[in-house]
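Undergrad: Found this in Swiss-Prot, in case it helps:
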- D33, N35, D37, K39, E44: Ca(2+) 1 binding site (BINDING)
- D100, N102, D104, R106, E111: Ca(2+) 3 binding site (BINDING)
- 20-55: domain 'EF-hand 1' (DOMAIN)
- 87-122: domain 'EF-hand 2' (DOMAIN)
- 160-169: region 'Linker region' (REGION)
- 1-198: topological domain 'Mitochondrial intermembrane' (TOPO_DOM)
- 217-253: topological domain 'Mitochondrial matrix' (TOPO_DOM)
- 274-296: topological domain 'Mitochondrial intermembrane' (TOPO_DOM)
- 311-346: topological domain 'Mitochondrial matrix' (TOPO_DOM)
- 367-389: topological domain 'Mitochondrial intermembrane' (TOPO_DOM)
- 408-446: topological domain 'Mitochondrial matrix' (TOPO_DOM)
- 467-477: topological domain 'Mitochondrial intermembrane' (TOPO_DOM)
Amino acid sequence: MHQLIRKFVFTESHCLEEEDNTKSFAELFEKLDVNKDGKVDVSELKTGLAAMGFSMGKGEAQKIVTSGDTDKDEGLDFEEFSKYLKEHEKKLRLTFKSLDKNEDGRVDAKEIQQSLKDLGINLSDKDAEKILHSIDVDGTMTLDWNEWREHFLFNPAEDLQQIIRYWKKSTVLDIGDSLTIPDEFTEEEKTTGMWWKQLAAGGVAGAVSRTGTAPLDRMKVFMQVHSSKTNKISLVNGFKQMIKEGGVASLWRGNGVNVIKIAPETAIKFMAYEQYKKLLSKDGGKVQSHERFMAGSLAGATAQTAIYPMEVMKTRLTLRKTGQYSGMFDCAKKILRKEGVKAFYKGYVPNILGIIPYAGIDLAVYETLKNTWLSHYAKDTANPGVLVLLGCGTISSTCGQLASYPLALIRTRMQAMASMEGSEQVSMSKLVKKIMQKEGFFGLYRGILPNFMKVIPAVSISYVVYEYMRSGLGISK
């Protein structure tokens, strides 16, 4: 892999002499400095390495130049270039040594697996072998120092934590539902405080995303509650009815409480997840995949239990008529006075039951898509790139929604029934029977169209805002 880079930078010796090292860097620098102005800029670095067969991810060339550019002239002169490579090489050697558990000078799949486990990331044997295969040059299924250095010399990742972030499942993609397994943070991220910055960035991204797709979310709830075989509501007619009743601004009814509940739910879920992992683990806090899934599901149930009254208010505010409630507190006051405390937990059972199929299918589909990508395309790099990660996350979340949607519909109808005049208060099982008898199986999927329509814009908005927030909060890639 990358034969020209090996020719310029690497020798057969594991310990390059300082003068040989400098000479190799000088030859590489001359090759990259196409316009011969004595410095290598982002464009030259990217183009030159691509010509040598070294593919770089988005923004990696810029990050290398920014890291090494001490005089801030938007380019690396030879001194800056060689200094960056030498310092980066030292960091890579430390990482390699931390991986090489038995100190035999080679890293195998088991050592990669163990190192990631030490950082709180569980990896299957198959996944570890695939990542190893993507770096292994000589086909021995072990890595020596030269192979490791060759693969990561022009990758701005400086330590194992950054390298493993390629495939860490992130919950930044907010598609409006909160049933996912919480995000996983390494020990370094927890001790440096990076975790709260990532949660804050994700929270802001979710708020903007939900606001941007609120009209479609209101349409989904509207169709879940009011649409039936005898009262078919199309997207166009539904929007016309809502605008006629309350104006364009009415399309955002219920969005305020939907955004406000992000902060407490995220905080409770994260704290509960950490505690459940400790309770379920048998070996000093290191949890297996099934334990992680259980901890995530329990954390989701805990968070939902704590903020569920806000879920009920969101549904009521979304469906309200003009003048019915003056705001969130007025809504809470009227529900409490007319229906009592129990009303704040209507639909709680189907909501909790929906966590298992949603989270389980979300994780299973994500892992399947990830393994498919690794087995077919991870020949030169284990880095999937932004589009692949977004695609995997979107598809897996959508599949999870599809599986749990009937329970979500039952929950919404139970939340709304008490506020609808003349509606009969029934249990979850009776409501399912009633829908099946009157509308058939597809009656459980009323409102699925606007729900799916909001997935792509929601994911896109989440990602763009999250990246801006990462930059603003100084979160490293």
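Quick reminder: no glycine exception, Cβ is built from N, Cα and C everywhere.
Model, not experiment: these values are computed from the prediction.
I'd like these features described in context: how deep, what's nearby, how far apart.
TA: Neighbour density for D37 (Ca(2+) 1 binding site): within 10 A of its CB lie 11 other CB atoms from the protein chains shown.
Annotation note: D100 (Ca(2+) 3 binding site) sits in a coil segment as assigned by DSSP. Less than 8 angstroms from the CB of D100 (Ca(2+) 3 binding site) sit R106, V107, E111, each of them six or more residues away in the same chain.
The helix, strand and coil residue counts that DSSP assigns across the topological domain 'Mitochondrial matrix' (217-253) are 27 helix, 0 strand, 10 coil.
Long-range contacts of the topological domain 'Mitochondrial matrix' (311-346) within its own chain (CB-CB distance under 8 A, at least 6 residues past either end) are made by residues 217-218, 221-222, 225, 245-246, 250, 253-254, 256-258, 260-261, 304, 412, 414-419.
Listed by sequence, the residues of this chain that lie at least six past the ends of the topological domain 'Mitochondrial matrix' (408-446) yet keep a Cβ under 8 A from its Cβ atoms are 177, 221, 223-225, 227-229, 311-312, 315-316, 319, 339, 343, 346-351, 354, 401.
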Undergrad: Can you list the residues of the same chain, besides D33, N35, D37, K39, E44, whose Cβ falls within 8 Å of the Ca(2+) 1 site's Cβ centroid?
TA: L32, V34, K36, G38, V40, D41, G75
Undergrad: Roughly how many Å lie between the Cα atoms of D33 (Ca(2+) 1 binding site) and D104 (Ca(2+) 3 binding site), rounded to a whole value?
TA: 38
Undergrad: Can you name every residue in this chain, apart from D100, N102, D104, R106, E111, with its Cβ inside 8 Å of the center of the Cβ atoms of the recorded Ca(2+) 3 site?
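TA: These residues sit around the Ca(2+) 3 site: L99, K101, E103, G105, V107, D108, T142.
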Undergrad: Run through the Cβ atoms and count how many others sit within 10 Å of the one on K39 (Ca(2+) 1 binding site).
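TA: Its Cβ shell of radius 10 Å holds 21 other Cβ atoms.
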